[in-house]
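As given in Swiss-Prot:
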type: ACT_SITE; residues: Asp74; note: active site
type: ACT_SITE; residues: Asp90; note: active site
type: ACT_SITE; residues: Lys92; note: active site
type: BINDING; residues: Glu45, Asp74; note: Mg(2+) 2 binding site
type: BINDING; residues: Asp74, Asp90; note: Mg(2+) 1 binding site
Amino acid sequence: MSLRSDLINALYDENQKYDVCGIISAEGKIYPLGSDTKVLSTIFELFSRPIINKIAEKHGYIVEEPKQQNHYPDFTLYKPSEPNKKIAIDIKTTYTNKENEKIKFTLGGYTSFIRNNTKNIVYPFDQYIAHWIIGYVYTRVATRKSSLKTYNINELNEIPKPYKGVKVFLQDKWVIAGDLAGSGNTTNIGSIHAHYKDFVEGKGIFDSEDEFLDYWRNYERTSQLRNDKYNNISEYRNWIYRGRK
């Protein structure tokens with residue numbers, strides 16, 4: 001099986017219960033996770049690390065993580081004999097308040113490495129041949145007062161967890177990318193806004209990775225500039241048809 005197939009199977013493995021109760025101290029105290037999305041995103045990245053390392057080693061890949069904060073990607077995989085065929089893996093997390101809601105992710109900046117080959121990226125962008133997203137989706141559970149206390153190892157079953165119903169997928173970034181910025185005035189690429197199965201099946205809006213890259217390399221930062229150029233995929237294709245005018 002391929003690296004990708006093995007990784008997908010490992011992520012879907014029913015033995016991966018994604019059942020973290022909290023953070024344990026050297027004294028044996030367990031601190032419940034709480035509902036902070038940044039904390040939970042870190043937890044799911046920790047889930048992914050040993051899976052990625054195990055499958056990568058099986059296929060002869062080296063795994064590197066960024067030495068600088070906010071550098072892309074979370075994991076770089078490559079074979080020493082093929083340094084210009086690197087694979088980027090980024091871990092993304094989102095939540096729903098009830099099951100089967102539509103979901104959306106932010107997929108990284110559009111003004112950094114896709115425009116400047118070496119900006120905020122572990123290796124030059126043109127050394128990567130694939131960009132994969134491992135996406136985690138969970139349903140939020142209302143925080144209870146019991147999450148404010150600490151526990152010991154004998155009280156594991158009493159510790160409230162702020163999430164349930166974890167789902168995971170692996171997909172190419174360009175396949176699940178949308179045509180709108182991630183949120184507000186940020187310069188992040190937004191994903192499609194769709195159901196979980198649409199991410200699994202890759203029901204995106206771009207015809208190719210080249211179209212995705214060209215769209216986001218030319219996407220303007222402000223709405224005023226976009227109004228003179230394009231705001232969405234339909235307007236982009238018209239812009240192309242007009243000779244980029």
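Backbone N, Cα and C atoms are what each Cβ position is placed from, and that goes for glycine too.
Where Swiss-Prot records a feature, it is marked here on the structure.
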| residue | record | Cβ contacts under 8 Å, 6 or more apart |
| --- | --- | --- |
| Glu45 | Mg(2+) 2 binding site | Asp74, Ile91 |
| Asp90 | active site | Tyr72, Pro73, Asp74, Phe75, Leu107, Gly108, His131, Trp132, Ile133, Ile134, Lys173 |
| Lys92 | active site | Phe105, Thr106, Leu107, Ile133, Ile134, Gly135, Tyr136 |
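In this structure, Asp90 (active site) is part of a beta strand by DSSP.
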